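Undergrad: Before I ask anything, let me first share the structure, which is written out below as structure tokens.
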């Protein structure tokens, strides 16, 4: 950490669900000599999310006003440099998943462009992220096949195929075995075990992550593997749980999913000071048999490349370590060949994405969507409702905040903006749902998920009052609705829990994903057009966005709620 072997100011001791602060030097050798120990260097990235082009510091599109950082050409160059620099310390490059989704590059070019650049970086092992399922197993299968042809293994110990037809020929082992410097190393892949609830996994489900890691690690130990790495796409908090409850045989966890920036308290290494530090790099967690398991993660979007060097004794126990997340700032050179390789892909993206479809006079915000009503969500919901509106019928619209990925700035709105705003490829489905179920959906939107986030509904045709001072599942104070049989009236009346209402929702939501199980109680459902087409058509119809009626979702406390 911060380049000093064995240093860490703080560890998180995770036992059951209690975090205890302790000195990281506990049980560390007084003698810092590592000459008799076996070094293993882990170079790792996670949650790239299609950031092939350079980005600004916020990991959005880099403009002429910005100082550009990251980008696949810089990431490639830095990984190549680190592999060479630590050649004598047995370097292994790992990719912890979620390479799909996040920019127009993926939305237009899908697995093809992703596989092309992953092949060039060629990790020793990869695991899957939840976003690799964004276009169902059918959209994942050719990606896996392409990587497999290049000898790049994708490993997931807790993947349950359930005879999914699209993945039946895909090779996804639980782990791989490597011989590095005459030492036998096992790498176990694991994916967040609720992925089938938040992604379009088809028949595929995920078994308990802790149990899967424990079981596979024990099997590797029986096969005389003495160093075991867990390559996890489960989140920082879940990785702590894995270390505490399944850490008897594992040695280190390389993580992903939560986009966590880990950075040691006294490190002098370059970084973006605006990046919130969630814990030290590495974070140490004590297992049930009192072993300390290091956990690392390298934030997201190619902004950092992690580098951790571990030192093992003859028994395969970690005795020392050093490393830090390497900041991929503007000073990092871009690999010239990768820059050339980007050119033909960029031409395809620009040809489709640059078409202007409208204009906005206000910023269409995405960052606040999870906690409250947001301008992007309101406009999107209005577009959904408009899709099915006629002279005598105007349905409501409900969209979950997690549907949105990128804001739209003031100015021209391009086809690229439309797709990047909500890039998941849902359809705009018309459903019929009972009032009581709508109430349940609203309650769930302000119940925290596993990452401690709300999922505020973005709505059209409704007014919802949320009192966040109340207990979870008792926060909805009031829901009022417009008369969907009279499109010209803006009058609101109380929701009737016994009545049925017509609502337009993303197909993802209609399927009950993100925990919105009440949606599956719909008594009728009509599959609609692609959501991005609906949004595009609505923007083209209104031409200019300059006035949105807000106040549809009121988030308040106690006496301030009306």
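Sequential numbering from 1, following the chain as shown.
Glycine is treated like the rest: Cβ placed from N, Cα and C.
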Undergrad: 66, 81, 98, 116: which one does Swiss-Prot list with 47, 49 for the divalent metal cation 1 site?
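TA: Same divalent metal cation 1 site in Swiss-Prot: 98.
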Undergrad: Given that Swiss-Prot lists 370, 405, 514 as binding AMP, which residue among 384, 393, 424 does it place in the same site?
TA: 424
Undergrad: Quick one: which of 44, 233 does Swiss-Prot put in the divalent metal cation 2 site with 98, 130, 257?
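TA: So, going by the record in Swiss-Prot, that would be 233.
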Undergrad: Going by DSSP, give the three-state secondary structure for residue 390 (N-linked glycosylation site).
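TA: The three-state answer is strand.
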Undergrad: Nearest of the recorded positions to residue 131 (site 'Transition state stabilizer') by CA-CA distance, picking from 112, 370, 390, 424, 514?
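TA: Given the candidates 112, 370, 390, 424, 514, the nearest one is 424.
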Undergrad: Cβ-Cβ under 8 Å from residue 405 (AMP binding site), same chain, 6 or more residues apart: which ones?
TA: 101, 102, 366, 420, 421, 422, 423, 424
Undergrad: CB neighbours of residue 112 (N-linked glycosylation site) within 10 A?
TA: 14
Undergrad: Need the DSSP three-state call for residue 112 (N-linked glycosylation site) to compare against my parser.
TA: helix
Undergrad: Can you tell me how many other Cβ atoms are located within 10 Å of the Cβ belonging to residue 134 (site 'Transition state stabilizer')?
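TA: Within a 10 Å radius of the Cβ of residue 134 (site 'Transition state stabilizer') lie 23 other Cβ atoms.
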Undergrad: Going along the chain, which residues six or more apart from residue 390 (N-linked glycosylation site) have their CB under 8 A from its CB?
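TA: Sequence-distant Cβ neighbours: 487.
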Undergrad: Just the number: how many Å between the Cα atoms of residue 370 (AMP binding site) and residue 112 (N-linked glycosylation site)?
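TA: Between the Cα atoms of residue 370 (AMP binding site) and residue 112 (N-linked glycosylation site), the distance comes to 31 Å.
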